[in-house]
Every structure is written in structure tokens, then in C-alpha cells.
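Per Swiss-Prot, the features are as follows:
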{"type": "ACT_SITE", "residues": "K10", "note": "active site"}
{"type": "ACT_SITE", "residues": "D136", "note": "active site"}
{"type": "BINDING", "residues": "P94, V95, A96, A97, G98, L99, A100, G101, G102, S103, S104", "note": "ATP binding site"}
Amino acid sequence: MRILEKAPAKINLSLDVHGKRPDGYHEVEMVMTTIDLADRLELTELDKDEIRVSSHNRFVPDDQRNLAYQAAKLLKTRFGIQKGVSIVITKTIPVAAGLAGGSSDAAAALRGLNRLWKLNLTLDELAELGAEIGSDVSFCVHGGTALATGRGEKLKHIATPPHCWVILAKPVIGVSTAEVYRQYDASKVEHPNVERMIEAIEAKDYKEMCGSLGNVLESVTLKMYPEVDMIKRQMKRFGADAVLMSGSGPTVFGLIQYESKVQRIYNGLRGFCDQVYAVRMIGEQNALD
């Protein structure tokens with residue numbers, strides 16, 4: 001039997017980080033939404049009791065470092081599954097980009113294996129399991145648009161944002177999330193108004209949504225990696241309505257309301273960055289098929 005699953009990327013429309021918890025994680029408050037840039041997973045049952053992960057992308061690990069591998073191992077262990085599986089990942093989401101590509105692959109593996117192995121788990125149950133793999137996996141199991149709190153695993157689903165285009169640009173650098181968090185000081189940054197963002201989304205107010213974008217990690221990453229700031233400035237210069245770094249970076253996204261502007265901004269950014277994408281904001285929970 002073969003199962004196909006879609007694994008969409010996400011962006012943070014608002015990202016606030018508070019104090020460090022006793023377990024070493026930070027308390028976060030984030031508004032996240034899915035976009036139609038997605039990996040594809042093909043899951044096939046094997047006769048041999050083993051987990052095989054493969055991808056055409058050489059930067060994707062094929063062992064226990066891979067979050068999709070961890071998802072399969074978790075389900076096998078938790079439910080006593082004595083079957084093997086092959087997981088083939090076709091990557092479209094850039095690796096280590098702040099777009100939750102690995103987390104979304106893990107979430108897709110959980111959903112796909114739930115069907116393949118007929119576990120009959122609900123999405124909420126899969127999301128609970130996903131939290132054991134990574135902070136973003138719970139959100140990625142559901143997709144859509146949500147307020148995430150705790151370390152990212154506590155979700156409150158909210159309305160779909162106003163429809164718009166999203167331009168993404170990833171510079172050819174890697175960002176150490178651990179180092180960004182190490183240098184982050186909650187007392188020295190301007191914190192976004194997360195509630196204002198939620199209200200703008202609920203009201204389908206595009207202008208207010210653009211004005212409410214915020215990411216407390218941005219100032220830290222911009223100091224460490226000037227290339228990210230350059231992309232932000234270029235994206236604004238080419239006409240994006242609002243611009244923000246996603247997650248801990250290095251990917252920058254811009255929101256564009258009208259399709260007529262998208263190609264011009266895309267073409268302009270291609271002169272500065274190889275990895276540029278023009279996609280739509282999905283933001284709906286039923287958009288994973």
C-alpha cells in the first residue's frame with residue numbers, strides 16, 4: 001500500500017518570545033499560518049521491519065536525525081507496530097530556512113502512517129505525539145492558522161487570514177537557532193502585539209495585518225547576518241506591502257495584496273537571491289490534501 005501526504009511550509013505572522021522555562025525551552029506566543037509551498041511524502045509499507053528515509057536533496061538526513069524518521073519510530077514504539085516503512089521525501093521547502101520544513105515532514109509522516117497502519121488516531125492525538133518530536137510539529141499536523149503558546153505545542157485555531165500573495169527569499173546562509181536564542185534578551189526588544197494581529201485576521205483587515213507583523217528574533221538575526229537585512233530592504237524597495245523574517249531566519253517573506261505586483265518583486269529579488277518563491281497564503285485547516 002502507498003500513501004501520499006502533502007507537507008506545507010508555515011510562516012510566523014507574529015512571534016514573541018518570553019522567559020526560559022525550567023525544561024530549557026522558551027515560552028513563546030506565535031501566530032502561524034500555512035502557505036502553498038510544500039514538500040511531498042510517499043509512504044510505502046515494507047515487508048522488512050525497518051524505517052527507510054530517502055530524498056533527492058542531499059541536505060536531508062536519512063537516519064534518526066530526520067524528523068519524519070523520528071515520527072515513524074515514535075509510532076512504531078508507542079503502538080507496537082512490527083511493520084516497516086519507506087518514506088520518500090520530495091523537498092520543495094528550503095532546508096534550515098525558518099519555514100518548519102522538517103517539522104511539516106514529521107507531521108505529514110504522522111498523518112500518513114496513521115492511515116497506512118490504520119491507527120485511527122485523531123489529529124489532536126497526532127498533534128500530542130508531534131509535540132514529543134518538535135515544537136512546531138503539533139501546528140504542522142493541523143495546518144491552517146493558529147495562535148501557538150507554551151513552547152509552541154498549545155494551539156488555538158483562528159480564522160483564515162485575508163487572501164494575499166507571499167514572496168519568500170532565502171539567502172545562502174545557515175542560521176543557528178540555538179545561537180539566536182542564546183543572544184536574545186527579552187528586555188531589549190520591542191514585542192509585537194499578538195492580540196492586534198489576531199484581531200486583524202479575524203476582521204479580514206489586510207492593512208492592519210500588515211501593520212501588526214512582528215518577530216522579536218529578527219533584531220538578533222539581523223545583527224548576526226547582515227544578508228537578511230539586505231533582503232528585507234530590497235523586498236521593501238521592490239514594493240512588498242509588508243516584510244518580516246520567518247522564525248529564527250534566514251528566510252524573509254513579503255506580503256503582496258495584488259497579483260499584478262508579484263512578478264516584478266519576484267524578478268527583482270532573483271538578482272540578489274537564488275531561492276525566491278511566489279506562493280499564496282493558505283491558512284485553512286482543510287488545505288492539507
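Glycine is no exception: its Cβ is also placed from the backbone N, Cα and C atoms.
Within 10 Å of its Cβ, the residue among the binding-site residues A96, A100 with the fewest other Cβ atoms is A96. In sequence order, K10, M32, A100, S103, S104, G152 make up the list of same-chain residues 6 or more apart from D136 (active site) whose Cβ falls under 8 Å from its Cβ. A helical conformation is recorded for G102 (ATP binding site) in the three-state DSSP classification. Apart from P94, V95, A96, A97, G98, L99, A100, G101, G102, S103, S104, the ATP site neighbourhood in this chain, defined by C-beta within 8 angstroms of the site C-beta centre, holds A9, I93.
Sparsest Cβ environment among the binding-site residues P94, G98 (other Cβ atoms counted within 10 Å): P94. In sequence order, N66, L67, A68, V95, G134 are the residues near G102 (ATP binding site), counting only same-chain partners six or more apart with C-beta under 8 A.
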